[in-house]
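One structure is given here, and the rest of the page talks about it.
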Amino acid sequence: MVLTPVSPVVLVILDGWGYREELVGNAIAAAHTPVMDSLWQAYPHTLVYTSGKAVGLPKGQMGNSEVGHLNLGAGRIVPQELVRISDAAEDGSLAANPALVQVYEGVKQRGTKLHLVGLCSDGGVHSHLDHLLALLDMAKSLGVTQVCVHAITDGRDTLPTEGKTFIQRLQDHLDRLEMGQIVTLSGRYYAMDRDRRWDRVERAYRVMTSDENIVDTPAWKILANGYAENITDEFLPPVRIAPGAIAAGDGVVFFNFRPDRARQLTQAFVDPNFKGFERSLISPLDFVTFTQYDASLSCAIAFPPQNLSNILGEVIAAKGLKQLRVAETEKYAHVTYFFNGGIEDPLPGEDRILVPSPMVATYDQAPAMSAAQVTQEVIAAVEKGVYSMVVVNYANPDMVGHTGQMKATIQALEAVDRCVGQLLQSVLQMGGTLLITADHGNAECMVDEQGNPWTAHTTNPVPFILVEGEGVKIPGHGTDVALRDDGCLADIAPTILEILRLPQPAEMTGRSLIQPLEVDLRPNRTPVRVRL
């Protein structure tokens, strides 16, 4: 019979809570966070890397929530889709991709239009401009002449007004190829909603599927006009600037590689049972997505999912132990789908709690978001005493940090700090262990070198704090522990397994962050009282 460990391990992911020593523009340094400050002083802590090759991204590439949670749950460095697709573009195999070739040849034979849809930036979080340029090169080489680009502008994973640079680079490439045109523009606020705010998605969809209300203005000028009215890239209202509506018989390639913000717009095009808003299904329509956005969607996939076996959740489930995932809407997919390596359905013994995010235009209007409700759900679950592992995400540092609003971000951080304090008391009373970390940086850098708002992620490391409960929580140590200072997110799953006394599978190549000190064994510390 498998015995459930006496007390839980609770992994707290402070989304976007990075570490940076510089004080200028550092919302975390400016915020009053007595709980996190006390824990950092009182308990074993270290910094872990969350960007670049440490998480399977190109060198110097900032991390993101999808990548972070994927590495956290997999317990290994997972080669990311950005690298996978970029390699295909560089070595020429992209042009031979069966799913892409089929849609390209199809529109060529039918004499219909090819539509390239996606986020037009080099942010590398949801897409990369180089991938779009490679798709255009492929169209040129295959003799596809009717090419319509539906450019989604960023301003969130890039600077707020950097879109003009990306659009100009795209237009220059089209001019060199003497083929294709930009036909629509839409800020990601509309085209890439992930919180079922269908009114936003509908505005992008209507513009993409209708040749009415054409604004005869170059794309760069549309953006410049928006900047003059304080409308940044993210919030650019959808607009059609040239003919080329998506119609029956056409082919579509959605070149975003991250699923969560591409899913809803894709559903509007391909789901025969779509209920988000009134529309007639465009059929037939050859629709290809770069990666699998949702297993239930009937569309071709250029880069099918990679198989990850023996991830952390599977190891827990295989031992007959119960686990829980809790997050509000904005990060729910991350603690479930991404943390489970792309598995949509819950694992055996895995429970999930979704707390609705507040329905506001931008989260600086509600910086506390739903953190208090998330905390209460976790406390209630921990006190049941049935879960061996609990994974909880606090979205505030990232989601409010993305607004670029310093005051609101400070308020968000302080709200999360209070919640961590409340959760801490509950976990320690149960004799549990609290592991506090983040998936990437954001809130620690709110301005760029010129003092302008910085709304993107960072390449900074993030904190990792190990908070012990009343009992002997680190098996085999019975004393203070030291933590390695060269770790990455992939090392956290092995750390959890060590605490739970579970063997680490061979596929999990990360290394536990725990290393015992060379001292005589003594009883565990009395937990330090945290200033609340």
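The first residue you see is number 1, and the count goes up from there.
Using the three backbone atoms N, Cα and C, a Cβ is placed for every residue, glycine included.
On a predicted model such as this, the values are computed, not experimentally measured, just so you know.
In the three-state DSSP reading, Ser65 (active site, phosphoserine intermediate) counts as helix. For Ser65 (active site, phosphoserine intermediate), applying a Cβ distance below 8 Å and a minimum sequence separation of six or more within one chain yields Asp15, Lys331, His334, Phe338, Asp398, Asp439, His440. The active site, phosphoserine intermediate annotation in Swiss-Prot covers Ser65.
In this structure, His440 (Mn(2+) 2 binding site) belongs to neither helix nor strand by DSSP; it is coil. According to Swiss-Prot, the feature Mn(2+) 2 binding site maps to Asp15, Ser65, Asp439, His440, an assignment based on sequence analysis.
Here Swiss-Prot flags His126, Arg156, Asp157, Arg188, Arg194, Arg258, Pro259, Asp260, Arg261, Lys331 as substrate binding site. Note: His126 (substrate binding site) has non-local neighbours Gly118, Leu119, Asp157, Arg188, Met192, Asn256, Phe257, Arg258, Arg261, Ala262, i.e. same-chain residues 6+ apart with C-beta under 8 A of its own C-beta.
In sequence order, Gly16, Arg156, Tyr363, Asn442, Thr455, Ala456 are the residues of the chain that are 6 or more apart from His402 (Mn(2+) 1 binding site) and have a CB within less than 8 Å of its CB. Positions annotated as Mn(2+) 1 binding site by Swiss-Prot: Asp398, His402, His457.
On the backbone, the CA of Pro259 (substrate binding site) and the CA of His457 (Mn(2+) 1 binding site) stand 18 Å apart.
For His457 (Mn(2+) 1 binding site), the same-chain residues 6+ apart in sequence whose C-beta sits under 8 angstroms from its C-beta are Gly16, Ser51, Met62, Gly63, Asn64, Val125, Asp157, Asp398, His440, Gly441, Asn442. Just so you know, of the binding-site residues Asp15, Asp157, Asp398, Asp439, the Cβ with the fewest other Cβ atoms around it within 10 Å is the one at Asp157. With a cut-off of 8 Å between CB atoms and residues at least 6 apart in sequence, the same chain places Asp260, Arg261, Arg263, Gln264, Glu330, Ala333 near Arg194 (substrate binding site), listed in sequence order. Looking only at the binding-site residues Arg261, His440, the densest Cβ neighbourhood within 10 Å occurs at His440. In the structure as shown, the Cβ atom of Pro259 (substrate binding site) sits within 10 Å of 24 other Cβ atoms.
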